[in-house]
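Okay, so here's the structure we're looking at.
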Amino acid sequence: SSQLSGSHGPGFAKLNRREGAGGWSPLSSDRYQWLEVDLGGRTQITAVATQGRYGSSDWLTAYLLMFSDAGHNWKQYRREESIEAFPGNTNADSVVQHRLQHPVTARYVRLLPLDWSPNGRIGLRLEAYGCPHNSDVVSLDGRSSLLFRPRPTSGQSVSLTFKALRNSGTLLHAEGRSEHGLVLRLEKGKLLLLLRKGTTGFLRRVSLGSLLDDQHWHRVAVERHGTHLNLTVDQSTLWVQVPPGLFGLPVLILSLGNVTFSCAEPVFVAMTFASPQSFLRLPRVADASSSTGVSSVGLQFRTWNEAGLLLTFDLPKHEGAAWLYLSKAGLHLQIHKSGSALNDGQWHSVELISRRGRLSVSVDGADGATAHASPPFLITAGGPLFFGGCPADGSGRECTNPFEAFQGCMRLLTVHDQPVDLIPVQQRLLGNYSHLQIDMCGIIDRCSQSHCEHGGSCTQSWSSFHCNCSGTGYSGATCHSSIYEQSCEAYKHAGNTSGYYYIDVDGSGPIRPQRMFCNMTEDNTWMVIQHNNTELTRVRPPAPGGRSRHAAHFRYASEEEQLAAVVSQSEHCEQELTYHCRKSRLLNTPDGPLLSWWVGGPGAGRVQTHWAGAPPGSQQCSCGLQQNCLDLKHSCNCDADRNEWANDSGLLTHKETLPVRSLVLGDVQRPGSESAYRVGPLRCHGDKNVWNAAFFDQETSYLHFPTFHGELSADVSFLFKTTSSSGVFLENLGIKDFIRIELGSSSEVVFSFDVGNGPLEVRVAAGGPLSDGRWHRVRAERNVKEASLRLDELPAATREAPADGHIHLQLNSQLFIGGTASRQKGFRGCIRSLQLNGVTLDLEERARITPGVQAGCPGHCSSYGSLCQNRGRCLERPSSFACDCGPSASTGAFCDREVSASLTSGTSVSYTFWEPVDELNRSSSSTASSTHSDVNLRAENVSLSFRTSQSPAVLLFVGSHHREYLALLLNKHGEILTYIPDMLMFFKSYFEVLLFVQIDQNTKEDFNLTSDVEFSGVRSLVLGRLSRVAALGFTGCLSGVLFNSVSPLKAALLHPDTSPVVVTGPLVPSICGSTSANPYAAETTHHLSGRRKRFGCFFTIFRPVVNAMRSDSALIGGTAAAMFLTLTLFNVIILNHETKTSTLSDRPQRSLEPAPIRVLL
């Protein structure tokens, strides 16, 4: 670019040379200087080395490398996708060499200083290393072609390098046998591979690469391997399936058109506007043919940004200014005018013309569009022209920019239809510029090798890219993290109930999420995968001359990869297999030929010779294993070949043989043969990943695993609980890179890493201590755009990655869990469900062979006990927990389903507490009933829900051995009456009685009553009809009935044989306390946001069925209105009262106005 003096010229800049001034130094030290080397011919360059100027304080600390074939149109070398700069020297004498990761073929090398010694100036000695590169060259003009037929070889491949002057055109057209064809074509700068089979047209179309029309050499290779091709463009390779016989291109024949064997190309000097501070200023040039000034300005540009200033100039006599700019990917002049989608990275031509009083703007010439200003007016430049932006220092009033600056490339500038030579501009002989890279276009396609995962769509600007994750099921800056849980077990322990859920079995891995049914009604949480025929299917006899066997094939709702993953990660899987038969044998005998078989297992499956209930390979059914078949000579009931119906049924439970993929039945063609089969859905429970845990009881203990590979995307998730205030959860080191997650303090988690840009940290502080012995969840992710850390349900903390920094995380040591290689700052506590990029590490397996670490970690109720509802108790399990619904009136996995029943007027449910015994015998008994402690309580708690159209009615009656009783009634007006004899009569009292009453969501009411006798010796509780009051009973539905810890409905419906309950009349299980009778009928798909709301200490799990009636309407009685109420009697403290007999009408009554909503009394 320049030299400080004759002795500082480039001739003295060879490595280790001491002549002259000992190296090259430019006239001024700034970033617009360069040193260029002509290698004399095309060379494959493999390395460069630099030194400072000998005997001085001048050296470079950072620089850029450019390469070119012809000394113009330079291309910048990048060490990584986002790394431009090479580190330089730290003194004047040492040599710093950099080997190029990808060798470059070029004749010219140009080095651009970026930074230099703070105590000196730019000083450089340089050496480039490589080998001469010789190759044959051919030039094609777009209408010419070259035909040849290569000799057949065993390994067929085609490779070439090309340099394109246009963004579209055919590179290669190949014809194979059977009219198969292959075409390589450029289209908008991308390479397209088109495959044709016969004359039916192109059946496959794939693309690779981008911006291939940049007038630089690009390598293309097509290699055939069996039935697929490897398509390679530069450093990117794509695998493509092809039909057989594609190649067979049977030595050069002839050339057609203007074919030359040299490579001459026009000179296009481009400019790169690399930053918002970039601009180019050209002086005003008067039109020689007119005194009106500028008549036209033209240029070509390419960019990814949808907005930016292309050109501005002041009007004469300061009458205003003109701006030509991009906005929303359209071209605008003052107002919105022609053009669209101009931010596609392609070259677009623009021309601004003012002629004969008419102003027009045209885009892309004849192929584009033209717009005219209305009304017509004349416009000329009254000052210099500014391209791309304005000077940042505002040094003149001649340029103002109300728009965004342009970032992209420009070339072919014209003024008055005359081209502008940019080389004098580069040499500072014409105009002025800043932050401009001349004679190169540095545009990068950041979406060509997209970092958007799982089908996320990529869009880009000049300096970054964005991933749209909508509809993918994933989230994050690169659509890396799944928004769904990995199993039904995980959904259950997040507080969800049975329903359809999207399951992503491998988290952030490649397997797509799919919708499955989760059955959480039992202790085990079942994942149910349906197939195309789960019903009992009758086998029709084959038609005469037809197949002698019946074959059935089963297609599952889940994809193959997901099926395999579900079976693998589940603790148990099963599938029902049933065969009903009448004179239709199944397996015949173990020694004879198999009549029937089934295929099961991963992939295509394997033939299985056993039936349900028997081990694989046994050629038996379950009755043969148990030796109780109908005919002991055979191993299956159906093999007895009897004329009566029989069956062989059971469950297939060996995971390696599941799922069932097809079934072949062989004895179905004989006269009189009848049969039917059923293959149930695949059911699996137990997620081995969720509860896989290890306990670290020493700070020096740890587990180690192979190196974690997460070069571009890495996510880590786990749960922990501890009583310590600090410790390292995870660490993996490289030579310089590392990744670490630790408990920084008792209330903060820290995620730190280094990918070569220096250590970065992301921190999340909790609102309280994390050393509370409860489970806490950590999710950390690092990708090329950002790093994020989330703790429990707190908002995620994020930190953006440097725009032009290293992006590859390079680790090489072992992965340490619970500690570090130095055995310092180790973690004490439990780590559970540790997953890295969707893969679960088996902590328990490694802990069993590691001193200081224990497999498993109990104590889950401290974190999950609140999921047990309605008085359910949390029970610890070795790996998980369960809800004990014994004290509750509900059932289900979380005690969340009230037990309900329909009663008629003749129905009576009587629960007996205990019979009176001799006090001496009772006190001496060591096996006193556990119910004895419940009959002399200081308080009675009663709750129930009901729906009825009857009044009056008895809801509940509790009687004692002392002829005392308590009743809940409905009077003839449909009013709820709490009936406690004598407490409503004001006799002499010695103790205060307090009654709390609440109906639905109404305000709780308090009643102060008096009594002088203890309510003791509770004998029985009756629901429905009372024998002593024949006219009263209850018709309707009762649900969730609970008296202290006794649930009479639950005992009558679920445990009738082991409970002291007597049922008279019809008692039918009902769903009046639930929203759905059949969990499979709930077609709603639950997402992570579908959590149940919590009110106080109860989960609201359903809403009552309510009639929209006015409050003054009759709720119960003459109308047949149905009403759903819940009543709870809190703390009825009853001491020392006497029982008096009286009729219902004699009693004073307190009327409670019920409302048609949920009731608590």
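The backbone N, Cα and C atoms fix where each Cβ goes, and this holds for glycine too.
Just so you know, TrEMBL annotations never went through curation; they're auto-generated.
Given the structure is predicted, the values throughout are model-derived calculations rather than measurements.
The average pLDDT computed over the domain 'F5/8 type C' (1-131) stands at 92. Annotated domain 'F5/8 type C' per TrEMBL: 1-131, in sequence order.
For 269-441 (among others), the entry in TrEMBL reads domain 'Laminin G'.
Remote same-chain residues near the domain 'EGF-like' (443-480) are listed as 81, 209-211, 214, 236, 272, 302-306, 345, 407-409, 502, 504, 508, 510, 512-513, 712-713, 715, 781, 783-786, 788, 803 (criterion: CB distance under 8 Å, separation of at least six residues from the stretch ends). What TrEMBL records for 443-480 (among others) is domain 'EGF-like'.
Secondary structure by DSSP for the domain 'Fibrinogen C-terminal' (479-531): 5 helix, 18 strand, 30 coil. Under the heading domain 'Fibrinogen C-terminal', TrEMBL lists 479-531.
Residues or ranges marked as domain 'Laminin G' by TrEMBL: 692-857 (among others).
Non-local neighbourhood of Cys857 (disulfide bond): Ala693, Ala694, Phe695, Lys721, Cys830, Ile831, Arg832, each in the same chain, at least six residues away, with C-beta under 8 Å from its C-beta. Here TrEMBL flags Cys830-Cys857 as disulfide bond.
Per TrEMBL, domain 'EGF-like' is recorded for 858-896 (among others).
The transmembrane segment annotation in TrEMBL covers 1114-1135.
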Other C-beta atoms that fall within 10 angstroms of the C-beta of Cys830 (disulfide bond): 23
